[in-house]
Structures are given as C-alpha cells and as structure tokens.
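See below for the structure under consideration.
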Amino acid sequence: MVGLDVRDPLRVIILIAGAFFWLLSLLLSSLVWFIAVKASNNEDLRLQRDLLIFGVTFSVLLQEVFRFAYYRLLRKANEGLASISEEDHSSISVQQMAYVAGLGFGIMSGAFSVINILSDSLGPGTVGIFGDSQYYFISSACMTLAVTLLHTFWGVVFFDGCERGRWWAVALVVCLHLLVSGLSFLNPFYAGSLPAVYVITALMAAWAFFSSGGSFQNLKHLWTCRKNDVDSS
C-alpha cells in the first residue's frame, strides 16, 4: 500500500473528489428513501422493514455505481490530473488512485456514521438503562472503523478488477458490500456482527495487498528490516 502524502496535491484532489462522489450517492439514495417512506403507510411495520432493507440495498448498489463512474473519470482524466502534479515525469499509478479514492469513500462514510451515532448520544440519559446493550457506542465505533477500512480495500480491489477486466472481482466486491451492510442489521446482537465483519476486513486487506503488487517477499523483507532496526537499536 502507498501512504497518503498530504503535500501531493494530486492525491488530495482524488481523495476529496472520492468523498464527494460518495456524498452524491448518499444524496440520491436518501432522496429515493425519503420519497418511498412518504408514499408508504407508516403504520405498516412490515412494509417499513421491507423499505429499510430496500433502502440499504439500493444505497449500496448506488455507491458501487458511483465507484465505477469515479474509476472511469479518473482513467480518462489521468493525464490531465498528472499535469498539475509536481511529478511531471510520470502519472499517478492505478494502485495509488484506487487507494486514495477508496480512502475518500471510507472517510466520508465513517464520518457520517459517527455523526449519526453521536446524535443519538445527545441529551441526558444512560446507555443501557432500559435494557439496551451498554456496548452500543464502542461496538458502533468498531463497525465504523471496519467499514472505513473496507471501503479503502474495496477501492483497491475494485479498480484492479476494472483495470484487468476481472469483472468477477468487481461483482464480489459488490456482494461483500451488500453482505457487510446486511450484517449491520445484527448490530443489536453485537457479538454476531462484529467478528464476521472483521474477518471480511482481514481477508479484504490481504486481497488488496496482493492485488496492488504486494508479495510474501515484500513481507519477508519488511520483517527483516524491522528486525535489523531493533537489533541495531
């Protein structure tokens, strides 16, 4: 993986634009959700539950559509974006674009998740006083962390799949996004959702590492360098 250098204007632009694309998908999905709720019977609990499932599914699919649209935009604008970078001799690599774009998606997604959770904590009261879990906020924070990381890893794998024509990888990213969003419905049973989500996060981290050019040799070299640094100190 590459680090995000805030002194590189090109990467900062891609990061902010990625966050903006995620916001656009949220705006459109929220608009559809608002219309659906207003047009439905609020007293029909089963219908409201079905609308919630529809809203989450539609939002995930729309996010992935915008991720693909962002990939296409970046590929077409790669040469133009590189012209404003300090590194005039080479353009930013696809792996770097994927990492920064995915990070933009993840940061904005995590920010909105945190805002929603913090809004529930406003005012007097004690978490868990009416029988709810006392681990509500810590588990929600852990879920937000996982989703932020997942968006970064999904971005790397998604862009790599589009670049190499591996559409099965793109489809798998979409399916995993749907799965993680579905697991969020298990949040009242925290022990059931968080372990599964973090297993998926670990697997996606490994996949993103190898798809971006990583290898066991790189890991071995890193371990050797760290060991030498410790021994020398």
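Just so it is clear, glycine is given a Cβ too, placed from its N, Cα and C backbone atoms.
Heads up, TrEMBL stuff is auto-annotated, nobody curated it.
Remote same-chain residues near the transmembrane segment (12-36) are listed as 4, 6, 51, 54-55, 58-59, 62-63, 65-67, 69-70, 74, 81, 84, 92, 97, 100-105, 107-109, 112, 155 (criterion: CB distance under 8 Å, separation of at least six residues from the stretch ends). The transmembrane segment annotation in TrEMBL covers 12-36 (among others).
According to TrEMBL, the feature transmembrane segment maps to 51-70 (among others). Within the chain carrying the transmembrane segment (51-70), a Cβ under 8 angstroms from the stretch's Cβ atoms is held by residues 17-18, 21-22, 24-26, 28-29, 32-33, 36-37, 40, 101, 105, 154-155, 158, 162, 170, 173-174, 177-178, 181-182, 184-185, all 6 or more beyond its ends.
For the transmembrane segment (97-115), the list of distant contacts is 1-2, 4, 11, 14-23, 26, 63, 67, 70-71, 74, 78, 140-141, 143-145, 147-156, 158-160, 212: same-chain residues at least six beyond its ends, Cβ to Cβ under 8 Å. TrEMBL lists 97-115 (among others) with the feature transmembrane segment.
For 135-159 (among others), the entry in TrEMBL reads transmembrane segment.
The transmembrane segment feature in TrEMBL is assigned to 166-186 (among others).
According to TrEMBL, the feature transmembrane segment maps to 192-210 (among others).
Counting residues 6+ beyond its ends, the transmembrane segment (166-186) has Cβ neighbours under 8 Å at 56-57, 59-61, 63-64, 68, 143, 146-147, 150, 154, 157-158, 160, 192-193, 196-197, 200, 204, 211 in the same chain.
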